[in-house]
Structures are given as structure tokens and as C-alpha cells.
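Enquirer: Annotations per TrEMBL:
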SIGNAL    1-23  signal peptide
DOMAIN    28-499  domain 'Glycoside hydrolase family 9'
ACT_SITE  His426  active site
ACT_SITE  Asp477  active site
ACT_SITE  Glu486  active site
Amino acid sequence: MRPSSLLFLYLIFFHGFSPLVESSYLDYADALSKSILFFEGQRSGFLPQDQRIGWRGNSGLSDGWMYNTDLTGGYYDAGDNVKFGFPMAFTTTMLAWSVIEFGDLMPPNELRNALVAIRWATDYLLKTVSQPNRIFVQIGCVASLTRSMLPLKVGDPNIDHSCWERPEDMDTARSVYAVDAPNPASDVAGETAAALAASSMAFRSVDAGYADTLLRNAVQVFQFADNFRGAYSDNAHIRDGACPFYCDFSGYQDELLWGAAWLRRASQDNSYLSYLENNGKTLGADDNINEFGWDNKHAGLNVLVSKEVLDGNMYTLESYKASADSFMCTLIPDSSSSHIEYTPGGLIYKPGGSNLQHATTISFILLVYAKYLDRTSQTVNCGNEFVSPVLLRMQAKKQVDYILGENPMGLSYMVGYSNYFPQRIHHRGSSLPSVKDHPGFIACKDGSIYFNSTNPNPNVLVGAIVGGPGEDDVYGDDRADFRKSEPTTYINAPFVGALAYFAANPNPS
């Protein structure tokens, strides 16, 4: 639906939405290109000559020096200047899974760009596991970003905002957080194993040597995860840096199964099949938690393992498929099992902020599961109805279309896509003058005038998907409202796969 004339005027005069980037209203190919481009705006380290987001510069060039190791590179997870290993690894897994399932539908240049985006992450992740029985889990202390002598408070954004600076201007100590055996980091290590294993599959046909390196390291880091079980945020020296931002809230068990599932798929090693068979119950695979994201892998795990059941008749893994079926039924409004909350405009909604992370991950696994079912001509039994792969795809399409502008506000939640998109996203580099336009140093406290400004951000972070509207479908375009206005890498990553599918199949059947 298009915005009414009154809403049109409201968006322009009160929120500054303007037609900065022209594209057709639901141009999935354009959205795909931009969703991948976004990752270049999140890069840390030395930027290459072919960097396309030109307002970014080199940053984080001393990362790792205190450990006498090179930890440059990787991605800033959101609108801050910290590299959190847990969400970065999940982002990498989802980018790789997008390529594995739907890369053959991407135009060759966009497949290349997607592989470049994956490699920017995997090159960094390889550095984080380069030392035996040690994993680097975070670079850049949140406290150092704030330059505040006050204690960090849970949920207090003002502390974070007290230092609003470009990543290129960081002149504070870049704290490095590492976990050494026998201390546990099963969640980060398990997710890193998944990321490296999945990425090995994405690179297998184009760079077999690199794929071998990724898989070999995935095996090693999974052993670390499994041998020393526990959550990384349970380590006292990690907790203050990781929490409340990326604590392991749901437990480390799902990451062990997730890592094993990806190693099984990438290597076809039967030892990982046995791991999934023997550890499913003890590690909570039957908990049937209806969530999928950087912290909780259950729904994605069940879909991934279901491929073994559907393609290979691995009935010893049937419980995973039963859980995947159950999750799909919760998403169908007419199903007797439906209990996922939707906004009046039709967006999947889960309380807690940054809601579009749920919409993009769920859209992706809807499409993946539909693909697996289609190949074996199966449907999902939801009690009062049988749900077809086509219906699963239509559910995914509703979420994708909502994000791209088919919503009550007529607003694209992807920056730079369509004519109307958020102008004041919660993102340091986007909201401050570029180093190309303002080469002089902007000190920590001096950035606050840009944070507090009501002007649109001077740098358009093309492709960024913000946290999204509230349960009432309302979005206020407020830089200070970080739960709604902050983009993250793990919102974008699964959307890459979803957009690849719809770019090739705009009217799924």
C-alpha cells in the first residue's frame, strides 16, 4: 500500500523522508544488491581499494596489539564501534547459508559481493581462533567507548551515547577479551564453528583451498566448544564487557548442536551425525523453543537438521523435523497451533526491541524449509490443516514486503531503498560527518551535537535495515530510539538469502 497524501506530507515535513534514492517499489533485485552493500559500511580494519561505501575509512588498526596478534578486520555489529564475536559469527553463518541455499539464484556479480562479505568476516574469525585453546570473543570495550567513569547500567543508552564518535577517530584503548581453556566459551566457539563450516560450503566451488582451511579450523574450534562446556558470558572477566549487550541468555547447548549440524553438512562426517543423535535430548533439542537469532538457534537448527531426514531418511533425527514442523505451524495464523504475535499490519512481533531481526531470520528459514519440503513433495501437518511449501513462501513474502514498504506507514525499513526510508538511524559513522568531508578529528564528546541533531544523517548507509516499528506498526525515525532505529549485521544477513529467492521468484508458487 502507498502512503496516503496526508501521511506523505507528514513523512516529508516532520520526519524528513525524501526521495534520495530512486527504485521501483518492490524491486527485490535492487534490495538484494543494497542488503549486501550494507556490510561494506560495517567494515573494520584496512579498507580495500574497491570499497564502495566511500564515506568510510580505515579503523581499528591496532586491534590485538596487546596480545601481540593481528585482530584487525571483521565487522562492527551495529551502530557502535565494538566487534562482538558472538553476533558476528552468527551473521557469518547466515550469510553463508544464504549463499548455500540461494546463491545459484543471485546474479554473478552479487554472488561475488556476497562471498566478499562472507570472507571479510571469516578472515577475521580465523584470527580469533588462531591460538590453541583460546578464542578472542570481543574487541573494543563498551566502557572505553563511553569514556565514562560511571558504572555501566543495564539498559541505559545515555552511557553509550556519552561518546559518539566515528570508528575512524577512535583513540581510546581497544580492549581485547579472550577465553582460554579450561574456561568455557561453548556458545561463541560453537557459533564460530558453524560459521566456518557453513562458509567452507559457500567457498567450496570457487576456492577449495580456502574452504579446506575454514573446515579444518571449524573442527578445531568445535572441539574447544565441546570439551569446555559453558557460556562465555559466565566468565567473570568477560561478563562486564559482553553484558547486557550479547550475554548468552538462552544457554550454550543450542550452539553445540548448531555447530555439530553445520560440521555434519559441510564434512558429511558420520561422527557429527552421531553427535546430533546422541546429544539431542541432553542438549535440549526437544525443548522446541520457537525462536531463531544470534542467541537462540533452536528453530534454525531444527530446519537445518530436517534436511537429513527429508533427503536421507535419517529417522534417528526425526525429533528435529517434528520440532521444525511445530515451529512452522506456530507461524500460520489459521493453524490451531498459531501463537506467534503479529502487528496489525502483519509484521511478526516479539517484545524486546530490534524486532526486524525476528522477521528476517524467520522469513529465511520459512523459505529454506519450503525448499526442503518441495524437493520431497511433502507438506506440514498442522492438525487442522496441511501447510504447503507455497504457503510457507507466502508467509515469508509478507514479511519481506512489509520491510520493503508494504506496511501501514508506506515506509521502507531498508535505508536507501525506495523513496521513503529512515533518515536518522542510530549509527555513529552514518550520523557524523565523513572523514572524507571532515578530515579533522572529532573528539568523543564533540560528537554529541550530531547525535542530538534533528537533521538527517549526512551519510546514507545504503542497505541497512533498522530495528523497525513497534507492535503498533509506528516508527518515529528517532536516532535516540536505538531499539527501533539501529541497524545490525544480523538483521541483514538472513535477508540476503530471502531477497535472493524473491528476486528470482517474485510471485512464488
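Keep in mind that glycine also has a Cβ here, set from the backbone N, Cα and C atoms.
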Enquirer: Including all protein chains displayed, how many Cβ atoms other than that of His426 (active site) lie within 10 Å of its Cβ?
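Expert: So the Cβ neighbour count for His426 (active site) comes to 27.
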Enquirer: Any idea what the Cα distance is from His426 (active site) over to Glu486 (active site), rounded to a whole Å?
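Expert: So the alpha carbons of His426 (active site) and Glu486 (active site) sit roughly 5 Å from each other.
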Enquirer: If you count Cβ atoms within 10 Å of the Cβ of Glu486 (active site), leaving out that atom itself, what do you get?
Expert: 22
Enquirer: Would you kindly give the Cα-Cα distance separating Asp477 (active site) and Glu486 (active site), rounded to the nearest Å?
Expert: 10
